[in-house]
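Feature annotations, courtesy of Swiss-Prot:
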- 660-669: compositional bias 'Low complexity' (COMPBIAS)
- 25-269: domain 'ABC transporter' (DOMAIN)
- 360-572: domain 'ABC transmembrane type-2' (DOMAIN)
- Ser664: phosphoserine (MOD_RES)
- Ser670: phosphoserine (MOD_RES)
- 657-691: region 'Disordered' (REGION)
- 384-404: transmembrane segment (TRANSMEM)
- 414-434: transmembrane segment (TRANSMEM)
- 453-473: transmembrane segment (TRANSMEM)
- 491-511: transmembrane segment (TRANSMEM)
- 514-534: transmembrane segment (TRANSMEM)
- 548-565: transmembrane segment (TRANSMEM)
- 607-627: transmembrane segment (TRANSMEM)
Amino acid sequence: MELEGSSSGRRQLPSKLEMSRGAYLAWEDLTVVIPNFSDGPTRRLLQRLNGYAEPGRIMAIMGPSGSGKSTLLDSLAGRLARNVVMTGNLLLNGKKARLDYGLVAYVTQEDVLLGTLTVRETITYSAHLRLPSDMSKEEVSDIVEGTIMELGLQDCSDRVIGNWHARGVSGGERKRVSIALEILTRPQILFLDEPTSGLDSASAFFVIQALRNIARDGRTVISSVHQPSSEVFALFDDLFLLSSGESVYFGEAKSAVEFFAESGFPCPKKRNPSDHFLRCINSDFDTVTATLKGSQRIQETPATSDPLMNLATSVIKARLVENYKRSKYAKSAKSRIRELSNIEGLEMEIRKGSEATWWKQLRTLTARSFINMCRDVGYYWTRIISYIVVSISVGTIFYDVGYSYTSILARVSCGGFITGFMTFMSIGGFPSFLEEMKVFYKERLSGYYGVSVYILSNYISSFPFLVAISVITGTITYNLVKFRPGFSHYAFFCLNIFFSVSVIESLMMVVASVVPNFLMGLITGAGLIGIIMMTSGFFRLLPDLPKIFWRYPVSYISYGSWAIQGGYKNDFLGLEFEPLFPGEPKMTGEEVIEKVFGVKVTYSKWWDLAAVVAILVCYRLLFFVVLKLRERAGPALKAIQAKRTMRNLDRRPSFKRMPSLSLSLSSMSSRRHQPLRSLSSQEGLNSPIHY
């Protein structure tokens, strides 16, 4: 796209062939507000922004902290929060279009990756999850290797990403891996939220250089960036400079220095242009200047010709904003937006999420999750070691418990400890599961796979570890304590442990989906498990529990009560115990658990186990429902919040009086405003612009 003339700065109108190869994104009068329903004014995050992004070019959105960089990026990508309202025009190739999974990709600021996988494994699994199932392994492998080469990851392709116990790739390499995952499906538009944040200058350069290579492939790249080095800044084609939600400059990056010079704020020769731009519009530098002057207040400060030292930042910013509105750059941008809005481009092929089949996704997710569990020391291996140590301790403390009268209490105590406290140890896997949930949320938002396939794959991959925990714990304690002999009793004992541990795992999944915070999740999970143990019939017998609430229904929906009752029946029924006083008849196990512990023996122990299984299924279904509600309720709440906001703003004269919105509020509500939606259904906010 060459310029027609240096004076106009306008590019040639793209042809239909060019349109079919790329995505031209344009926005006009884009405004984002957070309503204040009190007496205070409505807060504007973005104010009537105009701009466009074209294929083959990389745009930088710059500005100080709080200037609206991420808000603008989220507005264009359809990821705005539910408590904000967006108005304006957003056009793709001159018309309304869905910003869908196959069209756009979004790289978040945080690199959400499984640290136990290598770079190649991470990209390969992502490819199998999303690429068409009819593609051969060789074709998928070629795409993976090509992506690795494109992002310059060939030197670290066989190194693990890294986590708390394994050192992995560098921060810049992690960022490039995140970018590689998003460009596997060759999206037309790539959004990035501060990809250079936290990176050194060399790593930041390699990341932006990789983005430049992606843009050259005919894709539209839009990235927010905070304060790039001069070498990194030179890689950007276009610049959108923001301050307090207002446009300070939009145009070619190399022309920004000229604009600042024309406005009376030239960039010194040896100063980084991006540093100079931020110095002009960042009010924090006023405090720095005042501090420097204050430290030299004893000496007479000589007059300086530097306008940055003589003018307040608010004055500089206001002058820049006004100069830009009247500049040739703003006129050129509006003219280009008009051209792009009148383009009759070709319809773009949009893929609806992943193109892999459900079964392929299940196999891929199960394999990836199983490898992650095998390599993550804290997921299951540490717990297995703890279970072995605790099982040996329990077995030796209750060794050969016997059949005396005192052994009754010993058997009950041992069974209650195994059912309650040993299953409580499953809470130790919560941190690792929380990290996996972060990956799920990120991939689900990008349309990799569905909720059901994730839940099923997680249980299948964890099944061997849960079996190992149950068999190891059951074998050690059963043989050392010498519970009732017989293989069927041993099998029931192990199954009871297996399903009890599975219930706790499922409960912690529900907690993680509702309270996705490490510390609060542990506290919540521990509290719930504590209630389950208190109502299990071990600390207080079930018949003695208060009938209201605790007995009915809490004890019936507590897996602990069913697991303990089944354990008592499995161990006591068929045994006889010595009486308290010599000469009295022996006590049968049935009398002990029914008369002493209040356990009904009218139904089989297998029904108790079936109740535990039913609770397990209910927790898994609840996990599914919570995830779906989070997913489905988000867009609905956004729409409700948007309508409520616009109704309230319509009655707010302070909102109408602001000069930044030239259109009436009723016009915005009826013609321009659309409900805020998720990325899968965010549409352009209007038909082509009419002048």
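Counting begins at 1 with the first residue displayed.
Just so you know, glycine gets a Cβ as well, placed from its N, Cα and C.
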(message) Does the transmembrane segment (384-404) come close to the transmembrane segment (607-627), meaning at least 3 CB pairs under 8 Å for residues 6 or more apart?
(response) no
(request) Kindly say whether the transmembrane segment (548-565) and the transmembrane segment (491-511) touch, using the definition of 3 or more Cβ pairs under 8 Å where each pair is 6 or more positions apart. (result) yes
(request) Would you report the average pLDDT that the model assigns to the domain 'ABC transporter' (25-269)? (result) 88
(request) State the residues, same chain only, that lie 6 or more residues beyond the ends of the transmembrane segment (453-473) and have a CB under 8 A from a CB inside it; answer 'none' if no residue qualifies. (result) 358, 361-362, 365-367, 369-370, 373, 379-380, 383-384, 387-388, 390-391, 418, 422, 436, 440, 444, 494-495, 497-498, 501-502, 505, 509, 620, 623-624, 627
(request) Using a Cβ-Cβ cut-off of under 8 Å, list the residues of the same chain that are 6+ residues beyond the ends of the transmembrane segment (514-534) and lie near it. (result) 420-421, 424, 427, 430-431, 434, 437-438, 441, 504, 507-508, 540, 554, 558-560, 626
